[in-house]
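Worksheet: the structure to be examined is printed underneath.
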Amino acid sequence: MRTLLLTILIFFFTVNPISAKFYTNVSSIPPLQFLNATQNAWETFSKLAGCHIGENINGLSKLKQYFRRFGYITTTGNCTDDFDDVLQSAINTYQKNFNLKVTGKLDSSTLRQIVKPRCGNPDLIDGVSEMNGGKILRTTEKYSFFPGKPRWPKRKRDLTYAFAPQNNLTDEVKRVFSRAFTRWAEVTPLNFTRSESILRADIVIGFFSGEHGDGEPFDGAMGTLAHASSPPTGMLHLDGDEDWLISNGEISRRILPVTTVVDLESVAVHEIGHLLGLGHSSVEDAIMFPAISGGDRKVELAKDDIEGIQHLYGGNPNGDGGGSKPSRESQSTGGDSVRRWRGWMISLSSIATCIFLISV
């Protein structure tokens, strides 16, 4: 047990501790911070527009790496610049999942979707897509789950969360996560309480940069924004290199004038969905849609989100699903519960096998 606890402590205090950047309003962001943040990514992929099967184009190997990262390509080995059947199949599935016209070609709408900031969790696992995009027989339900439908045990309806201590987050930032947890608590029987102990908490949240020990390195601003594990592992990692905007929680959806700032609550609500067992959805208005444009704020659960989470846990017994059941904050300390951490360390080893993210 001592060895395991030491491993946990080493993980949190040696993997690229970072002071993430938070802004309370757009005007406080230095102008140079948000100039052409996605230009490099677009320039990298825009030259691929219009190419089709049978061609060999410089840069297609990077696109294949992107598709492999998110589960659309399952083959191993080096990626080539050949537009082959494997790539065409990946494009077809991607277009279907994101409600694009299925052409198997790299049209501009597909490429523009690819360069949008997004969640780092894959859309397909073991080559199987659960997003249901474009399926005729299931037109209203597009939510998905992790393989095997993992969920928190029925006996555990009071979950605790803690923040990685090296981030030194302010109370203002922590309140953003409290609001995000509340949105899921309002429609389920789950309750969420903040703890000060990462060893005692069910869920641990941290901001990291680049490679941070779980095999899923972050790529800098405006790429992958965050990733989270399925239950009951309970890890939520966010990219500390993003320009995170902290709103006051009064506006549920808006488009900000600066398109390279990322709304923290929007990402937090999405990743908590993963922590509770939801996969990605092909409903663009749903919280669990994989991508979010820079400057967008989306925090209200859609019908698809609510139906998905209630499929796992049922509704809120204290209301009709829309009542207020705020997450609680406490000063819990101590504790040496490590059962969850065994699952975490096994998960980290599994995740690190072959997944990596292209930098563009």
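A Cβ is built for glycine as well, from the same backbone N, Cα and C atoms used for every other residue.
Swiss-Prot assigns the feature motif 'Cysteine switch' to one of the listed ranges (101-108, 117-124, 277-284), namely 117-124. Residue counts for the motif 'Cysteine switch' (117-124) under DSSP (helix as H, G, I; strand as E, B; rest coil) come to 0 helix, 2 strand, 6 coil. Tertiary neighbourhood of the motif 'Cysteine switch' (117-124): same-chain residues 38, 69-72, 93-94, 97, 130-131, 216, 218, 222-228, 262, 267, 270-271, 274, 279-280, 290-294, 355, 357, selected by CB-CB distance under 8 Å and a gap of 6+ residues from either end. Each of the glycosylation sites N25, N78, N168, N191 was scored by how many other Cβ atoms lie within 10 Å of its Cβ, and the smallest score goes to N78. All protein chains considered, the CB of E271 (active site) has 27 other CB atoms within 10 Å. Checked against N191 (N-linked glycosylation site) by C-alpha proximity, the recorded positions N25, N78, N168, E271 yield E271 as the nearest.
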